Amino acid sequence: MKAKTLSRHLREGVKNLSRNGWMTFASVSAVTVTLLLVGVFLTAIMNMNHFATKVEQDVEIRVHIDPAAKEADQKKLEDDMSKIAKVESIKYSSKEEELKRLIKSLGDSGKTFELFEQDNPLKNVFVVKAKEPTDTATIAKKIEKMQFVSNVQYGKGQVERLFDTVKTGRNIGIVLIAGLLFTAMFLISNTIKITIYARSTEIEIMKLVGATNWFIRWPFLLEGLFLGVLGSIIPIGLILVTYNSLQGMFNEKLGGTIFELLPYSPFVFQLAGLLVLIGALIGMWGSVMSIRRFLKV
């Protein structure tokens, strides 16, 4: 496209915005509210994924070995478990190591258990991790049936509920965001339709004298682009300011736990870029949907 032609399309796009001032304001306001909600939902979903990933990384199967099992029996059990599909790693932990872990995890209260160092009631353990955390329950059920297994612990019931909750939350978030984006496209499309109705005779004349569809389409595409980008400015500003404060408060109270928010950078800048891109795309798509029927003379 020639620079002169592009300049003409840009001028027309800006002129279209000023011709319908109130509708432009209404559309930008609607896109602003929509993208703000999209930004909030994306922030919530991405941080929820962050929490879920941290939890998933901590999900493990603790296989307590039958005290009657000899060293050769333990080796066979380890070999059998390693043959299970989707097992990522198997780590042996002696009962002495298990007691130390218990004492450490309980802090000051754990000192009471130091009395058991001479007569340790705990069992030797294999710590098994799945390649995909969602396969933990399936792997645990297979291990339970093996010889020389005293019992298996992996948070039965809680793990399944956790994964179901995370999956449901993600799906709900996706549906809500899709609905909001559709609403924004509908509003932009209606705004541009008003401009096109006002210029329908001009468009027909341009078609009759040989103007290509794209020559006619470009100013409206740019108008939609401008509407979408303008609508993203306020949501980005609000997210940049509020996320910093929210992260400080959140991490001050829950720092060091799995419930730490994503780092301010690069998260907010990635989100800002995504909102600009979403705004531009829904604006241009709204334009495409509104103008196509007018390109037939």
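Including glycine, each Cβ sits where the backbone N, Cα and C put it.
Since we're looking at a predicted model, the values are computed, not measured.
Topology note: Glu56 and Tyr264 share a membrane side (same topological domain name in Swiss-Prot).
Within the chain, the topological domain 'Extracellular' (241-270) has long-range Cβ neighbours (under 8 A, six or more residues past its boundaries) at 43, 46-47, 50-51, 54-55, 58. Within the chain, the transmembrane segment (271-291) has long-range Cβ neighbours (under 8 A, six or more residues past its boundaries) at 31, 35, 38-39, 42-43, 46, 181, 184-193, 196, 216-217, 220-221, 223-232, 235-236, 239-240. Taking H, G and I as helix, E and B as strand and the rest as coil, DSSP gives the topological domain 'Extracellular' (241-270) the counts 21 helix, 0 strand, 9 coil.
Model confidence over the topological domain 'Extracellular' (46-171) is summarised by a mean pLDDT of 81.
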